[in-house]
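Below is one structure, written out as structure tokens; the observations come after it.
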Amino acid sequence: KDFSLSNEKDAHASNSDENSERGNWSNKGDYLLSMVGYAVGLGNVWRFPYLTYQNGGGAFLIPYTLMLALAGLPLFFMECSLGQFASLGPVSVWRILPLFQGVGITMVIISTFVTIYYNVIIAYALYYLFASFQKVLPWSDCFSWADEFCSKTRLVSDCNATLDGEIIHANYSFITSNNLTCMNGTINYKPVQFPSEQYWNKVALQRSSGLDETGNIVWYLALCLLLSWMIVGAALFKGIKSSGKVVYFTALFPYVILLILLVRGATLEGALDGIEYYIGRQSNITKLMEAEVWKDAATQIFYSLSVAWGGLVALSSYNKFHNNCYSDAILVCVTNCATSIFAGFAIFSILGHMAFVSERPVSEVVDSGFDLAFVAYPEALSKLPVSPLWSFLFFFMLLLLGLDSQFATIETLTTTIQDIYPKVMKKLRIPITLGVCILLFFLGLICVTQAGIYWVNLIDHFCAGWGILIAAVLEIIGIIYIYGGNRFIEDIEMMIGKKSRLFWLWWRMCWFFITPVLLMAILVWSLVTFSPPSYGSVLYPAWGTAVGWCMIIFCVIWIPIIAILKIVKAEGNLCQRIVSCCRPAANWGPYLECHRGERYSHVVDHKKKKEHEIPTVSGFVY
């Protein structure tokens, strides 16, 4: 049957699609690689290896694996099932529970904020990628841009030594001029900055003194940002039909580069020291007694799998109804975690070599986030023969890791628009997709000023933090406790077939108790340990912190606003109104009539849904 709203064909859909109105993935490979690309991002390379090293090495894999099973996988499976069952994006899917539709809006708004700064990080990778096309890497030495604090090696300031049988404390020039030897453990070093650090701050970012000093737009970063948005727009011009093909390269090629970096790193002197710090004999099992380690494991799993951002629901909504989303969820989650562990070997082998060459302990060269990606690792690569090649490969890998995550996030936004305005999206998909990219490019320009890195850090600190945790907690409470966990399981069985009670035992334990408790614990911990934002040693002004709070309030305020609007529009007394808003909407159920069976035979046809939907002031409908 053809359930399309008009005779015009959307580039998003084809005649062979099961759902000719919304479209489906061309094949399962497109979907799986898009999901892997969405889940596997920059954090797998620049955050997980550092967390492992910091939290006991190999011992950290124990809480990490447990948190995958107890929190990550149950949420991942739930969101994939939800999107596939209803064939709707993260806002419209809340027909399942109209009172909580604001949760979906919160997810989309947070994804919008994050996609603004995430593409700026891709722009940084593009800049370093282009900078690698030189015989000598520009951050390999203290060139004309450097100041007096720049040095390739640590410089001794003073130390203790023995002179005529007495221990003296003297500056290093006196020690060397008198042919004395510094005593072990007494050496003090001058405060120096390595070339890669000064290049990052002075050349790449042209970093100002703080958020108060906006400065000018850094034109080459703005051009890189424009290029990154052009790449995203080009990949998504036909929606999933085009992005599903691009991810065959963007999702798979990073593994090739990681393997090349690992093989090269393993052949270097000092590589074994780095790997031992990462996961070898330096492992500390006693770390598992610390609550912080378990919190880090749960948080990393939660953010790494991209749950509660809306993207999993959006991507899964294009699956065929009877696709086995259970096996897909397990495959993607395991691939994501294995990638994190694998990336750690590639990172630490080369950092171990840098520690060996610079005669420093591994602990002094290891870092995370921006400092790993744009300072420590580029410095390590600059010490290798044919360093421009290794630098190009590394930043090309960062570019690809960022892009396929970005594809899925933009697809989340366009899917939301499609569900609300299907006729408009059918006719104007390409202009709307390009319009979204252009708008987000202009919003991102503040992040490529001289104070840009402070804005990137501010948005990350607030929007990518506990706002997502609030959405996740409400999502699981709403679906499992209000809609009904057993009812949700029956919905899943309509797609993947009847399963035994034993099969569902684990999922019931997680959904009904373990996962909500863990998420609440992480949320409370995050609120209790919340600290004002800072970038390195630079503290943010009070107005900057206030802007951060305003951003996160703007993201989550829709949850109570939409709930109140739904209650106001409902009929009856207050109690009856709340109860009616906690029931699924009249058009909740499988998208196509042929999949509804007896359980959903009462569902209002989607072609007639306009008669039954109540628009809210925000423009979203259930």
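From the backbone N, Cα and C atoms, a Cβ is placed for every residue, glycine too.
Keep in mind the model is a prediction, meaning the values are calculated, not measured.
Candidates considered were Cys142, Cys159; the recorded disulfide partner of Cys150 in TrEMBL is Cys142. Spacing of Ser304 (Na(+) 1 binding site) relative to Cys142 (disulfide bond) is 36 Å (Cα to Cα, whole number).
Below 8 angstroms of C-beta separation, residues 19, 22-25, 31, 34-35, 38-39, 41, 43-44, 47-48, 51, 55, 60, 63-64, 66-68, 71-72, 75-76, 79-84, 86-91, 93, 104, 107-108, 110-111, 114, 240, 325, 333, 336-337, 340, 405, 408-409, 411-412, 415-416, 464, 468-469, 471-472, 475, 518-519, 521-522, 526 of the same chain, each at least six residues beyond the ends of the transmembrane segment (297-318), sit close to that stretch.
Tertiary proximity for the transmembrane segment (99-130) is limited to same-chain residues at least six positions away from its ends with a CB under 8 Å from its CB atoms, namely 42, 89-93, 204, 220-221, 224-225, 227-229, 232, 308-311, 373-374, 378, 391-392, 395-396, 398-399, 402-403, 405-406, 409-410, 412-413, 416, 440-441, 443-444, 447-448, 452, 455-456, 459-460, 463-464, 467-468, 470-471, 474-475, 478, 482, 551, 554-556, 558-563, 566-567, 578, 581-582, 616, 618, 620, 622. Surrounding the centroid of the Cβ atoms of Gly37, Ala39, Val40, Ser304, Asn336, Leu401, Asp404, Ser405, where the record places Na(+) 1, the chain contributes additional residues within 8 Å, namely Val36, Tyr38, Gly41, Asn44, Ala251, Ser306, Thr339.
Spatial neighbours are here defined as Cα atoms within 10 angstroms of one another, and by that definition Gly37 (Na(+) 1 binding site) has no neighbours among the recorded positions Asn44, Cys142, Cys150. Annotation: Leu401 carries the greatest number of neighbouring Cβ atoms among the binding-site residues Leu401, Ser405 [cut-off 10 Å, Cβ to Cβ]. Around the Cβ of Ala39 (Na(+) 1 binding site), a 10 Å sphere holds 27 further Cβ atoms from the protein chains shown.
Counting only the Cα atoms, the space from Leu401 (Na(+) 1 binding site) to Asn44 (Na(+) 2 binding site) is about 9 angstrom.
Tallying C-beta pairs under 8 angstroms between the transmembrane segment (505-526) and each of 31-48, 60-78, 217-237, 430-453, 546-568 places 60-78 first.
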